[in-house]
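According to TrEMBL, the feature domain 'PAS' maps to 1-63, 119-192. The domain 'PAC' annotation in TrEMBL covers 66-118, 192-244. Among the features that TrEMBL reports, domain 'Histidine kinase' is placed at 558-775.
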Ligand code: ADP
């Protein structure tokens, strides 16, 4: 025993200490008799005593060997750890004769082991408590470990995550990103970072940074993968919000439609505040009615219930925010105490929504434009971050709406201007006289027939001016360079195909302080008026001729008188001449004088006849088939201006499908003109609110075209109505009294009838004439040959 380098003892079969070696006595600093009292004298550490007593007792009783880990007090009082091994020694019959005990000092090893265990526990604790989702995977990427935080966060047991099952908690939109990133890492054998959303136990997704790192063996082969996922939701949303703001400002700058900008704004807000819905309303010009609602995450019936409704303070937090021009934070829009029942509120609540935070959207100058609201189904405290999002997004909404209003107004003005230019055929231009560059409106391009994209330059345009007008147009330009304005005047343009356009131009020259000259002007295409005026002039002169001719017919008496006078002069002079020649001696001198007088009178008569012939040159009836409608229309056009001047409303009801008639177009136009001018004289002679003439052409009875001229003038007394067609009957101070008699004879010669009748249903008279239309006039009883 003494030779064994260790602490040894021999015990009796009942466990009493019988012998100890010197090493034990030296270690404990006790003799054998003291060592026998180990159960009570504190040699065994009191904390270990119960365990030692139990295990030792069991072994002695059962006769089985034991090993007990326990502390023994050293002579200096310090306890050290020992492994206490005890084995029974048996006799041949198997009975225990003694116990051999070996105490091995394991103190240092035990401390190291404990420290290791503690550090392992510590590590586990650390891994489980770090505020990140930690995991590890085998070399092939199949996951085998997830820390506690990971399991708690996703709310799933580890069995539901191992291998590749964990991808089920990645947002569907991000799964592709995650898998392709893994392939990249795996192929390169390097780690890396990606960002993706992970589903929390409550179903909401948050943004995480996924960091993956490989562990390699000494050959550089990947044996394991480790990784952490760090919650970056807040930063990510802030970045997304910033990126969203930038995109929104771009959309606004590009002039995208308002609804598109506001829809995008809603999605930016919803991405920044997960679990929230956003709606934006705009007001109409009166600022009292909701004109537009952008709410992409709301059902249509909600939007429909708001559009067109009036702002009513108690209808919703939005309405209140607009009415009071302040933010309204309502956590319980369901409260019937505060809010009135409206269809919109019912739809809102039916969606399971509860909370509505509304902010007014106002322009720079404080005009209210609309509202922006954030809605949720669950309660949420308004945090500074939320307020920041509300402030920033309402500002963008205000920029978008204000810009839209301004652009809308601009678009309207431009449209108006362009339409006005198109309708009036007037273009406008700006002329920088220093560079000779012109800026033209669209209509200007149309008038000068310069393609839209082509830049007009002054010299090129001069080439379009009619050669006959070139000189004075040039001079006008020269005067402009001296700072002189140009009043409206008409110049002609000549196009290569021979067309001529009449353009009335006018401009104003602006002289700047530095002497620079600019000019702003207009150009109106008056070709149509010009041609119409020319045509009207011609028509008027032809009508005048007919009047003259027909008047002469009626004035035949006075003409006869004119011819008779020289004729009786000739007869008288001839007989005087004969008398003078028959006298004795004949009065030759007197006879020559009287013969000369005869010649003079003869010439005078011939002159009268010649003039008469000239006047009658156009008298023949000139029948041709024509449309009375069109002919009447022409007459009305010629007197339209006159009617305007006299403030008379001239209405025409001309039947477009009228059959054609055959007759003298000019003479029938003369009749229409006579009737209309008479009617104008009549309505002009009374004071009335509305002076009216109605000209109507119809096929009243089969085979006849009827034209009526109805006025609301003073009418004609019954006793005079029979006389108005008489030649020289007139009631006007300057009247001739031949218009109606001439008209009646023209209509007679066309086989028709001209009648006058007092209106039965109002003041005034109606003149009517009917002319047989072509099919009828072709018959044997055709009337035009009466002429
Ligand atoms: P004038 O117009 O030169 O008088 P007309 O033969 O055309 O000659 O007309 C004869 C007269 O018939 C007129 O002076 C006028 O008294 C009468 N008259 C013609 N048309 C109308 C009318 N629409 N309403 C009232 N009186 C009319």
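Heads up, the Cβ atoms here are built off N, Cα and C, so glycines get one too.
Curation does not apply to TrEMBL; its annotations are automatic.
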Rounded mean pLDDT for the residues that make up the domain 'PAS' (1-63) | 92
Taking DSSP H, G, I as helix and E, B as strand, the domain 'PAS' (1-63) contains 25 helix, 10 strand, 28 coil
Can you tell me how the residues of the domain 'PAC' (192-244) break down into helix, strand and coil by DSSP?
-> 12 helix, 30 strand, 11 coil
